[in-house]
Each structure stands twice: as structure tokens, then as C-alpha cells.
Amino acid sequence: MSDLPATVLERIIEQAQRRPEAIALRRCDGTSALPYSELAAEVDRYAGALRAQSASRGSRVLVISDNGPETYLAVLACAKLGAIAVMADGNLPPATIDRFCQITDPVAVLIAPGSKVGSSSLPEGLAAIPAIRVDIGSGTGEFAHSPDTDRPATEPGLGADDPLAMIFTSGTTGEPKAVLLANRTFFAVPDILRNEGLNWVTWVDGETTYSPLPATHIGGLWWILTCLMRGGLCITGGENTPSLMQILNSNAVNTTCLVPTLLSKLVSELKSAATTVPSLRLLGYGGSRAIAADVRFIEATGVRTAQVYGLSETGCTALCLPTDDDSIAKIEAGAVGRPYPGVEVYLAADDEADGAGPNAPGAGPSASFGTLWIKSPANMLGYWSNPQRTQEVLIDGWVNTGDLLERHEDGFFYIKGRSSEMIISGGVNIAPDEVDRIAEGVPGVREAACFEIPDPEFGALVGLAVVAATDMDASAARKLKHTIAAHYRRESESVARPSTIVIVSEIPRTQSGKVMRTSLAAAANQVQTGG
């Protein structure tokens, strides 16, 4: 793949040798600052503590995250042993954490200090498992043990294909699945960009980055580990800080990666303050469809942007839409980008809906519209302890994303929704993302999302929930609804026009920003009935 070290930790240790005094990790409020030399020492310390609890290559270690430096330290301590960091948000209900443990069977627990879940409040199922609180510079308490300084950076024989972490998919519905990610997941795409000399997404050695995305989310974990491998100063935390703008300015941040809801928040703050972030060079975004006006505003301040598309299962990003002359027009049309060199994509048409994959007997050439399959060097290893689901989603190295996309002649791909969310009305397939996109092009609409309304005659009708750009009285709300309806009459076929339009205060979304359409339907119904 490259002449660089074959594991994430080895690459970070290489940076520690080059810049030992440089800060590797720090909270956005200035606390928990950890130079690269101390990061390496703390990794040794906690790896020793884990080894004393019988953790070894292939063992699972539950990492209860607070998204701060200690969380990433815990991941790297696992990496030194070849153990697998099982990521769990410290704000999750104990029952959910208990379910994660039933799936992964961890041998130890590492708890970040800002987690709401502590060693005394762990689920009953974890009572017999050693729990270690991760505190920078304080040793390991009752589990203090001689550090692993006499051992190599990682266990001998570990390589790019060895597992590093598990992330549970949030999804919009269904049983949680533990996505098993290899070391290569976190550097395959950056290596491609560097080798190809492409500036779609760029990292500069030693720059300052900030990620508000959780370490339990592929975007958060991937972004911070990638920047650590480039010797960057990684700012973390701040989930409860009211101002993104303040964090970026006070820490002189050069690069950041946001979900579209946070991008909208940042734009709102910058507009209100009539200011910019002078240090900011690059803003990446992804997880759900962005509002083109927000991207246009950021680019007008001189900041380069890059939309990244992918899933936990594809190792974060597989397609990219960087700043170019007509990128805003592409975003307005629903584009999510084009594949990186070395990433293969395939659109399976409706008549290939059996899910057998691009290499199946009888599979035709990639369609212009269909379910997207991705073959990337960053793809997951599979779902932990779930071979049946793995065989359904990962076939011959190809991941079935479940997303419906359309390929245009310019080589860019445009998202239309998820195959599982397709609304079928009178036998016609309606792509939810296309309905959403049309509504968000109406002046006065901040965001919008459609949902399914059961109907005895057509099977289903389209409902639309809208968040207005400003507060409005009943008369203004009626006027906005009429404007939206008129826009659909001009822009869409009749079957895809909303039969009901509801003004709501917010669109329910997953942690990664994806619309929770079932919850949205319930919320819209409650608004209509006055519940």
C-alpha cells in the first residue's frame, strides 16, 4: 500500500520520534494536553496495565469514550497489544453498553474520565471485568503495572489488515452491528491521495485540527487518528460548548470535519458575529446531505471544503466532492462526489436486487442508477460475531451500502436515498433524498425531510416536514406551505409531490446526521393532531 509503517500506532510513534515536544492531543479548553513523547509513554503504561489483565492480540477491550485525549490514548494502548478497541459512548444507557458487551465479550474496560459511566456504574454484566480509569499522567491506579517500554511499538507481525477498532453502527433502525475495522482503514485513502498528488482532502504535517465528532463515530475516530499520523495537534471535546466559532478561533484551528448540522451552526455563528476563522484552511463535511448555501458561505471566506461520502463499513470516505468551479451547483443537485483512485464503485439496477454483488454470475455492467456497492482498500473486515449479516453486506470485497445513487456523465454520483427508505406510491419508486432536495431549494426553508404516509389506495403517499428559516405566525406558515407546493408542481412529477406539509421545530437525526424517517413521521403526526 505504501512504504510507510503498516499500523496506525507505528506511524504515530514515528511522529513522536520526529517531534517529541509537540502537542499531540488537547481538549478544546486547553486541558489534558499531551505531547507526542508523553503520548508514547502513556500508551506503554496502559498497554502494560491491559497486559496484566490478560489482554492480548485479538482480545476485545471496551473503551468508554468521552471524546477527549484519554479516549484516543485508550485506543492506542489497545493497538500496542493488537487488542481491539470496542468503542462505546460514555453517555449511552447502561443497557446499551451491556448489549455491546454481550456481542463483543471484552476482557477489560478502559473508562475515559469525562464519561458519565464510571467503574461503579457499569452494567451488571461487566461487574466481573477489570475496569481501568484512564487519567493522563496518573498511572493506572489499582491496576498500576510496569509499562511496556521493553517491547516494540506494536506486537510483532501486526500489519495493515489486523483489526484496530470496532464501531457500532447507529443506523436509522435495527439491531446494533459491530463494524470491525483494520489498521488500513485509517490510512488507505490518505495514502492514495498523497501518492496520486491529489488535493481533494489535504493534511499538512504539524497543523492543528479539531473534531467535534464522537470517537465512537467513524468520522471522529478516522479524522483524529489520520491527523495524529501526520504529527498534527488534535483538539478534541467541546460537545457541550455553545460556540464552534469560539473553539476554532481560540485554538487557531487549520482543519476540521463536521456533519452538516454542525456546519449550519458554524455558519449561523459566523454570520451573527460578522466574522471569519482566519486560521481555517480546510473544512470537511459529510454524514448526510449538506445545505449548499452553507458550503457557499464557507468557501466565500477563503476556506477550501471537501464533502466526503462513505459509511462505517467503507472505512469513512470512499467518494469525495472537493471545492471546484461548479461544486456548489453539484451540491445543490445532490452530488456526494466521485470515487478516489483505487476505489471501485458499482450501481446495481433494480433487477439485481437479490444482493449477490457485482461479481455474481449474470451481473451486468454498472447501471446509471441503482444501489451503490463499494470496493475500497479501507473497507471493513466484517461485522463482529455476525457472519450472516457480513455475508449479506460484504461480498468478494464489495460493500453493499444500501444507498441509491445516480451516476451522471461528469463522473460524479448523486444520492437519491436508501433502498430501505424508498417510498412506493401507486407502484412508483420515490427517492426520499430527491424529495428533500427540492424542498430545501425553496426560500424560507431551513431544512426539510419527507416521510411515508400509509394510504389504502396508493399504498403510500409522501409527507413533508419543514423547518422554517425564521419564526413565523400561522399566516406566514400557510404562505410558506403554498410556496413549497407550487415549487413541487414545477420541479417534480405528481406522484412525488407531498400530500401533506407540516412545519416542525427540528428534523430528528442520528448522531451522524441521517434523517430518522420513522421518528419524523410520528413527530409530524403529533404536530398535525395537536398532541
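Backbone N, Cα and C atoms are what each Cβ position is placed from, and that goes for glycine too.
Listed in Swiss-Prot for this protein:
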type: BINDING; residues: Thr169, Glu313; note: Mg(2+) binding site
type: BINDING; residues: Ile218, Val308, Ser312, Asp403; note: ATP binding site
Report summary line: Apart from the site residues Ile218, Val308, Ser312, Asp403, the 8 Å Cβ neighbourhood of the ATP centroid comprises Gly219, Gly286, Gly287, Tyr309, Gly310, Leu311, Glu313, Thr314, Cys316, Thr317, Ala318, Ser512
Query - Listed binding-site residues (Thr169, Ser312), ranked by Cβ neighbours within 10 Å, top entry - result: Ser312
**Report entry** Which of Glu313, Asp403, the listed binding-site residues, has fewest other Cβ atoms within 10 Å
**Finding:** Asp403
Query raised in the report: Per residue, counting other C-beta atoms within 10 angstroms of the C-beta, which of the binding-site residues Ile218, Val308 reaches the highest number?
Result: Ile218
Query raised in the report: Just how spread out is the ATP site if you go by the largest Cα to Cα distance in Å among Ile218, Val308, Ser312, Asp403?
Result: 18
Report summary line: Integer Å value for the Cα distance linking Val308 (ATP binding site) with Thr169 (Mg(2+) binding site) is 18
Query raised in the report: Nearest to Thr169 (Mg(2+) binding site) by Cα distance: which of the binding-site residues Ile218, Ser312, Asp403 is it?
Result: Ser312
**Report entry** Nearest-integer angstrom distance between the alpha carbons (Cα) of Ile218 (ATP binding site) and Glu313 (Mg(2+) binding site)
**Finding:** 9
Query raised in the report: Between Glu313 (Mg(2+) binding site) and Asp403 (ATP binding site), how far is it from one CA atom to the other, in Å?
Result: 13
